[in-house]
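Chemist: Have a look at the structure that comes next, please.
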């Protein structure tokens, strides 16, 4: 009798080619790169067949007559060296509906004849490939795009730049081997991250995180060690409150003073629970004028009767006094932060944390859509250094951090910066970073994209072979002068100006400090277990406005916590296959 073990339910055999259930099917990894290519191929066939399609915003569809009449000119495979400020763009990568760096570049190439009319609707026909994909708002002093380009015009670079915004500059090009792909042949990348040194200040003692740091350190018997790691900022907030805040509070009547203090701290913690897109983003800068709200004491008539003039809104004097006081105090805190100068010992603590990133590590906690067991979560960091000499711009001290790695996953650098900074400002031991490489999933927020820029990609392996191929090496040395001028004007000055206007870094850390739940307590003496308790499912959610509501699962709860504190959030559904998005 034939042995049918494995064909049925017994015998422990493994069934093959069985139908998956709906739940199992939904857990399968989606090959987004293949899905994107299939979609593009279907659209390409429609265009070639003359069918009507909605073209991407970067594409130009010429008529058959225009294409046939165009002179055929030889193309060469080139590496196009460029830089850009990412402000106002939805990242580097081509997007069919949103303005991107690649989209503007491809349109410019078509307009000047560097890409033929026959290929103007589809970058793939020109083998158009980027070296590094940068996130929304992220800058690059140096990046590379490889493609087959028409380069007969001696002034082709000047023509391309004339078509581009001043935010995007093409430095030049190098003719490469026919098989060259800047993405595949890039050995490593160097990124810079700029942030104000006041990001290293500890949480205010009145905030949720500030209180938990002391409480959990005392409970774990580590209070002396935590205090020692905060030695250079031990009296900072006490001095600021005495010098800047106390004089403002002393001018207020007692009944208003208590309301102001409650509004500054308790209300902010409660407000931090809301995702940032659902509320006005809190910053330590002066608040905007209060929104006019309907109340029972002050009804608002949206549609006044005919002939009846609508009365202008007049704020209650007591409410105005409270609002003005809160604005003054927030402005005072911001002024104090911008006057802060980090001592060398504080910067050295940051370097201790950055050292923990070097080597090959499992960075599954520093990106999205990757698990601990995913082999692609392991990345190699060659170096991560902070410049020990800060620079002062318009009264604010800035730190420059540079990371050199083989490749980076989506949001990885910004999460690395945020984690290292959170460890320093919380008085946590740097080894906590090493613990994040373990299997436990924690919610690490990404620092503002404003401060991140790609300095340059590196092609050492290709350059070593280039001489034998009678080709020039790919590097940015010959363009250093114009790159430095561009970097100062379009990137550095823009970063400094935007931070001056938005106080985005202060807002980011304020949200973390005030968030009244344990998702970020891994930087306290409670460690990762303290953060795990915040995501553990319970029978009911006591903070829910509706009794009996079940808590969300841990991944969703962590996602919501991150959405509440981060300044901006990209759509994770657009994450590329393999997570090969930079920064």
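Cβ coordinates are placed from backbone N, Cα and C, and glycine is handled just like the others.
TrEMBL lists these features:
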type: ACT_SITE; residues: 135; note: active site, nucleophile
type: BINDING; residues: 191; note: substrate binding site
type: COMPBIAS; residues: 1-12; note: compositional bias 'Gly residues'
type: COMPBIAS; residues: 18-41; note: compositional bias 'Basic and acidic residues'
type: COMPBIAS; residues: 268-280; note: compositional bias 'Basic and acidic residues'
type: DOMAIN; residues: 356-460; note: domain 'Pseudouridine synthase I TruA alpha/beta'
type: REGION; residues: 1-50; note: region 'Disordered'
type: REGION; residues: 268-311; note: region 'Disordered'
type: REGION; residues: 535-583; note: region 'Disordered'
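Can you tell me where each of these features sits in this structure?
Modeler: Following the DSSP three-state reduction, the secondary structure of residue 135 (active site, nucleophile) is coil.
When Cβ atoms from all protein chains are considered, those within 10 Å of residue 191 (substrate binding site) total 27, not counting its own.
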Chemist: May I have the DSSP-based helix, strand and coil counts for the residues of the domain 'Pseudouridine synthase I TruA alpha/beta' (356-460)?
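Modeler: Secondary-structure breakdown of the domain 'Pseudouridine synthase I TruA alpha/beta' (356-460): 29 helix, 33 strand, 43 coil.
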Chemist: At the level of the C-alpha atoms, what whole-angstrom distance separates residue 191 (substrate binding site) and residue 135 (active site, nucleophile)?
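Modeler: If we compare the Cα positions of residue 191 (substrate binding site) and residue 135 (active site, nucleophile), the gap is 13 Å.
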Chemist: According to DSSP, which kind of secondary structure is residue 191 (substrate binding site) found in, if we only use helix, strand and coil?
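Modeler: Assignment for residue 191 (substrate binding site) reads strand.
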Chemist: Around residue 135 (active site, nucleophile), how many other CB atoms lie within 10 A of its CB?
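Modeler: 22, counting other Cβ atoms within 10 Å of residue 135 (active site, nucleophile).
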